[in-house]
Amino acid sequence: QAPIKAACEDMLCKTGFPEDVHSAVVSRSIHGGQPLLNVRFQSCDGNKKIHFGSSEPEDFRIDEDGVVYAERSFQLSAEPTEFVVSAQDKETREEWQMRVKLTPEPAFTGATEKDQKKTEEIIFPWQQYKHSSHLKRQKRDWVIPPINLPENSRGPFPQELVRIRSDRDKSLSLRYSVTGPGADQPPTGIFIINPISGQLSVTKPLDREQIASFHLRAHAVDVNGNQVENPIDIVINVIDMNDNRPEFLHQVWNGTVPEGSKPGTYVMTVTAIDADDPNAQNGMLRYRILSQAPGSPSPNMFTINNETGDIITVAAGLDREKVQQYTLIIQATDMEGNPTYGLSNTATAVITVTDVNDNPPEFTAMTFYGEVPENRVDVIVANLTVTDKDQPHTPAWNAMYRMTGGDPEGLFTILTDPNSNDGLVTVVKPIDFEKNRMFVLTVAAENQVPLAKGIQHPPQSTATVSITVIDVNESPYFVPNPKLVRQEEGLLAGSMLTTFTAQDPDRYMQQTSLRYSKLSDPANWLKIDPINGQITTTAVLDRESIYVQNNVYNATFLASDNGIPPMSGTGTLQIHLLDINDNAPQVNPKEATTCETLQPNAINITAVDPDIDPNAGPFAFELPDTPPSIKRNWTIVRISGDHAQLSLRIRFLEAGIYDVPIVITDSGNPHASSTSVLKVKVCQCDINGDCTDVDRIVGAGLGTGAIIAILLCIIILLILVLMFVVWMKRRDKERQAKQLLIDPEDDVRDNILKYDEEGGGEEDQDYDLSQLQQPDTVEPDAIKPVGIRRLDERPIHAEPQYPVRSAAPHPGDIGDFINEGLKAADNDPTAPPYDSLLVFDYEGSGSTAGSLSSLNSSSSGGEQDYDYLNDWGPRFKKLADMYGGGDD
């Protein structure tokens, strides 16, 4: 590192980069986010807003302050790396460019203690002065070597690194400064410079793992702050020390290897990292296996690549059924594995031996037995058990069964129980005991995956299954079923139709003959002999019956045996009924409407015959000879085989309802004919041929539907009236039951009369009802003040004074009170006569009854005979003595 001397001269201001090519020396290993250098852009007016860009944006970026950062981590090649830095004015879009050349620093060889104590001096290089007639060496031709500083230095601090000066300090008073990350940018204060002497120093220990290099820029200005030298770049590389142990990415690594693998089979890769420089010995790692557990069948079943960490097998004999898992302790050491100077760390590698199909399934017995009743399906008849040493519930353990013989008809299948791995022999088709009484099946067991290479199936992988069929009572069956019989309709009751018999499939069982019965006969036309199955008719067979569909009548019969348990079978008899001409045609519709006049008056009618061809159409239509008025007033013309047209023969026919008989004859052999009555409503029509007096005509002759509707309305009305009468009578009975009346035969004087009157006016609204509950507290008339009376009392003359009766004890009810009063009045000899002045409660004005305030017998009773009063009972004894006893 020879010192470079240069004479600096003033230079005129020019906007742009101060140089076309900027060279810098950086470390060979570049980390993402690492500051590399500063680019300087000179703006003469100082107001320009500059945006920096890079031609390699994926590798480098430039901040607004001109610091170049690495975008990613990479290694510099031995050749210089070049890229272009551009600056663009954000307003004018003017652009400047400068090429940057990065040179990797040479390998550090160390320095003697004497050289370290000597402070290096860096002189600002010469530059060209534009107004000078001679040229000087340009800055871009000089490369300032980087400063190498070991990390973790113990000081003392601040520690002097280099002295920066300009040869113009002989004539000018200069001030020195440094800028960049580590100086005036974060992390600040790591590097300082003496502004007078230019001595650059470091203030604290450095850590390469945090920042591997610092890129500073040195400046020289006069006392007025004017730049006297172009800035120079200073690169400080932090030299790595072995201060970090290797660290595994995972403390426990998991890998797998199939059993039976050959030596050299790759298993897994373990990886450790070292924060030290990976290009130096401090960061170069080596791997080795410290231990293996278990140590069988060999203590060295695996080896590891000391550089890559790949673990491979080195011995044969991996058997999952013996050892399912190995545990290895792996060590990583830096300094290229130097056990003396290197730092180490360990991790655990767990290697699981995976299963391969190296064990075939083997039956636990050579022969299995089972039995099944005949005609049963989906029944498990035998369980086949196998053993397999492979890992359970894996394709190498799961068994599959196949039949190799003994089942040519495919009556059986074998399913696998997923839990126990057993084979379930299942019947899938009905088995007939009368055909096969026993089956001997040959079964082979396999796995879901093929056996490993070199492994063969032993004899134990094949077994036989002996299945016995059990005879059961089977249902009889009709032959044929269904049975079709063709028969003309009209077959009379009691006629033999056919014989419908069944067969019993049980040939080896002792049973009596079958018995027959009828199961379904919708029209109840048939019966069957229970012994021989002969079917006879019980009614006339009619093809036009509603129970016949498409000329076929279906009946179902039952055949039963006497087995244990009894079984039965059904058979269907289909009777195809052939048509005969047993139905006469009828007219359709039954009612029609036409006009009074001749035109238009045509009525279209259709002949309907339940029979089918050839006993149906074409039909013949004609009018009868009697009565003569039919042919005189009407005429009929056939327009097709099934249709005819009825019209008036005369010019005018009075409006009304007419019954027109029509004779219709079919084409059967022999012919069948009938006279159908067509009800024709003749009405007055408008110009369009529509009836205008149809309401009057309908009223004159109501149809059947209208009459039925009227009768229904009358019946409903009568029911409503009857319900109303019943309700009224029940209401009267309830009302009478609520009245608290005394039997009229017991007392004819003080009866309580109940009126349907909710009040008698304003004069009776102030009654004191408490007087009825406490009769003994009522003031007797004798103590009432003279002249004080109730408003409803209307006396005619002064009241006589009578002895006061003793009051009855407190009754609990008004009815008891009245009864006690009646008894007292009947037994009181001093009771006043009935013709004396009595006071009654006046029940309001406007009463139609006469006044009862006085009864005078002296004016009119002298000529009357009162002997009949003796017949009225003891209550009228006093009155009979007064009026019917003679002069005394």
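Just so you know, glycine gets a Cβ as well, placed from its N, Cα and C.
Looking up the ranges 757-778, 845-866 in TrEMBL, the one annotated as region 'Disordered' turns out to be 845-866. Residues in the domain 'Cadherin' (141-248) partition by DSSP class (helix H, G, I; strand E, B; coil) as 5 helix, 47 strand, 56 coil.
The average pLDDT computed for the domain 'Cadherin' (479-587) is 86. The helix, strand and coil residue counts that DSSP assigns across the domain 'Cadherin' (586-692) are 6 helix, 53 strand, 48 coil.
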